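> Could you have a look at this structure, given as structure tokens, before my questions?
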Amino acid sequence: MQGSAKMAMAVAVAVARVWRPSRGLGRTGLPLLRLLGARGLARFHPHRWQQQQHFSSLDDKPQFPGASAEFIDKLEFIQPNVISGIPIYRVMDRQGQIINPSEDPHLPQEKVLKFYKSMTLLNTMDRILYESQRQGRISFYMTNYGEEGTHVGSAAALDDTDLVFGQYREAGVLMYRDYPLELFMAQCYGNVSDLGKGRQMPVHYGCRERHFVTISSPLATQIPQAVGAAYAAKRANANRVVICYFGEGAASEGDAHAGFNFAATLECPIIFFCRNNGYAISTPTSEQYRGDGIAARGPGYGILSIRVDGNDVFAVYNATKEARRRAVAENQPFLIEAMTYRIGHHSTSDDSSAYRSVDEVNYWDKQDHPISRLRHHLQSRGWWDDEQEKAWRKQSRKKVMEAFEQAERKLKPNPSLIFSDVYQEMPAQLRKQQESLARHLQTYGEHYPLDHFEK
């Protein structure tokens, strides 16, 4: 090994010694990391360095380090439209029948029923909270109509300790992990039971106990963050995977490129899960990209990729299960593109009738809904019937309404809490601001709805 390689190895070892998952890089580690640089860490692998030293002058094959390819003597550009589209993997047809028995996950009845109940409970919660926003009871909401299969199928394939980075339409992942309805409601109402203490707008859930990182609004910021978490898990030999959800619109953000490239070069155990639901707010996929969707981008980064039918909960489950197994065993990233359709409006601030037809929405709602497909499957196996359906619909609505009414009665957190949790110990400047707010409210309190807030 040459001197420069030895030096790089020494610096890498020094960084590894000072880095601990529990306390970060520390004062010594940060300067070392800056000295080495992210590119140096990413590209330096002793075994690769040794392999790249074998040059041959006996043939006329390309020796460029940037790609593995052959020379050609004809000028020819690669035409994107002559490359076949990546196929869509599915297990069930639209009537809920297994197409290829060898792909049947052979899940027990209890687990498949949990799939169905999680999906329908989410659907019921969506309807009630959407209407509550329309009535002015909460400020904002985003439904998950039509995408329930992507949430539940992927969540069921993960271990409970796998870390989840969501975008803002993955409530079903938390639902499957038995996140209480009361906490869903508390977050949307921003009341005293909200884990975030009322600081986030509705649907921005987070729960440390369920290993679900709090959602942030800016598009795609979670992608490089998730890669960093996966890299840390790899270094700590945590034997877990990180899954990062995003939409096809977020995949157009620069953070997606950065995340994909870092995950590939750092060989991180991460699953990139793209919900391609047809629209990024009002932008259709035909205006979002010109290539073959999102899965086609994976190979260009060196990421194993697959496209699945997102309305087939078993296809989503199988793909995520295998990606999880291999990501942990092989320390490499995977990209899953789940093809689905956003039946609801983008949010309560959107009217999708302005950019798509009612017939289009009705087709997906009536003809290819993930809940209907799974119900057909359950009924064909004798695991579900109309009476059970009727009873469960009534029971699930009652559960949601009870949590809803409980959340509505609770007070908002004390306004002074906006200054807490910023630092471990509140500095003098922040304490001064807190005291200033208290004086202001004491003087002008009659102008604020303080009766709705905890004292």
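Residue numbers in this text run from 1 along the chain shown.
Glycine is no exception: its Cβ is also placed from the backbone N, Cα and C atoms.
Sharing the feature lines straight out of Swiss-Prot:
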type    : residues : note
TRANSIT : 1-55     : transit peptide
MOD_RES : SER347   : phosphoserine
MOD_RES : SER349   : phosphoserine
MOD_RES : SER357   : phosphoserine
MOD_RES : LYS366   : N6-acetyllysine
MOD_RES : LYS366   : N6-succinyllysine
MOD_RES : LYS390   : N6-succinyllysine
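For each listed feature, how buried is it and what is near it?
The secondary structure of SER347 (phosphoserine), as reduced to three states from DSSP, is coil rather than helix or strand. Within 10 Å of the C-beta of SER347 (phosphoserine) there are 18 other C-beta atoms, taking all protein chains into account.
Listed in sequence order, the residues of the same chain lying 6 or more apart from SER349 (phosphoserine) and placing their CB within less than 8 Å of its CB are PHE140.
Counting only residues at least six positions away in the same chain, no Cβ atom sits under 8 Å from the Cβ of SER357 (phosphoserine). When secondary structure is read from DSSP and collapsed to three states, SER357 (phosphoserine) falls in the coil class.
Around the Cβ of LYS366 (N6-acetyllysine), the same chain contributes no residue under 8 angstroms that is 6 or more positions distant in sequence. LYS366 (N6-acetyllysine) falls within a helix when secondary structure is assigned with DSSP.
All protein chains included, LYS390 (N6-succinyllysine) registers 10 other Cβ atoms within 10 Å of its own Cβ. Secondary structure at LYS390 (N6-succinyllysine), taken from DSSP and collapsed to helix, strand or coil, is helix.
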> Which whole-number value in Å describes the distance between the Cα atoms of SER347 (phosphoserine) and LYS390 (N6-succinyllysine)?
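Answer for this pair: 29 Å between alpha carbons.
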